[in-house]
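According to Swiss-Prot:
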type	residues	note
ACT_SITE	Asp158	active site, proton acceptor
BINDING	Gln34, Glu109, Asp140, Gly141, Pro165	S-methyl-5'-thioadenosine binding site
BINDING	His65, Asp89, Asp158, Ser159, Thr160, Asp161	spermidine binding site
DOMAIN	5-238	domain 'PABS'
Amino acid sequence: MAEMELWFTEQQTPDLGFTCKITKTIYTAKTKYQDLAILETKQFGKMLVLDGAVQTTIVDEFCYHELIAHVPLFTHPNPKKVAVIGGGDGGVIREILKHEEVEKAYLIEIDQEVIEASKKYLPEISCALDDKRAEVIITDGIKFVSENKNMFDVIIVDSTDPVGPAVGLFESNFYQAVYECLKEDGLFVAQTESPFYDQDLIRNVFHSIKSIFPITRLYLGFIPTYPSGLWSFTMGSKKYDPLEIDTSKIKRIDTRYYNPELHKALFALPTFVQKIIE
């Protein structure tokens, strides 16, 4: 008798699914906030899934984590205090702590079970969460940002998709609170979904940020397991422009995706993406 195959499908739009073969269900839980699963896949290794959406995989996580962390941290000349909103898997913290000038990196995560599961089953990604420079705070990111003023050099919003607990992280009043939470020369980056499937969201977020921050930039990266593969990030900066940095300093850290030549290329947008944010 043939062995039964198990497949996982993420419904990425109402009309499109992303499907991969599962060799093992490592862990599942219903947390206070979401359904959590860690699956072993044939193609992408271990995969973290929240509410049916792929968050990260062992094979392609470096693409996302390097792009969301290093672009802002190399844009700011001296990022000593950094906060990550969301990102309970710990991948962004791992990348942040490659920067020696960072004195403290705070992980602000609403769902403690995501952190615990990542520490137990995804050590390759969560390995820096016990670093002495990292501090984990279990609270709502919106609440944390609105209660702290003039505190951080860089804030990274590593949110889930704009459903469930993350909805408020894509709204204008949140970006205003981020502005106030940053120091006078601070900057922030948020993941802002796919230019193929989320054009209205990208447009709205870009213009919300642009109305608050003097410098607003959109950049793109490739993450194979994310909807369409093409992914956007939006930066709001009070002072520093990512297009004007000395990219030679990027060589000092160990990366697999991001490099000096790529930095400026990330901001070269296809015409259809330029039109989204006009």
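In case you wondered, yes, glycine gets a Cβ from its N, Cα and C as well.
Neighbour counts of Cβ atoms within 10 Å were compared across the recorded positions Asp89, Glu109, Asp140, Asp158, Asp161; the minimum falls on Asp140. The two recorded residues, Gln34 (S-methyl-5'-thioadenosine binding site) and Asp161 (spermidine binding site), show a Cα separation of 12 Å. Here the binding-site residues are Gln34, His65, Gly141, and the one whose Cβ sees the fewest other Cβ atoms within 10 Å is Gln34.
His65 (spermidine binding site) sits 9 Å from Asp158 (active site, proton acceptor), taking the Cα positions as reference. Distance noted between the C-alpha atoms of Thr160 (spermidine binding site) and Asp140 (S-methyl-5'-thioadenosine binding site) is 13 Å. Long-range Cβ contacts of Ser159 (spermidine binding site) within its own chain (separation 6+, distance under 8 Å): Ile85, Gly86, Gly141, Ala166, Leu169, Phe170, Ala190, Gln191. Per-residue pLDDT, averaged over the domain 'PABS' (5-238), rounds to 96.
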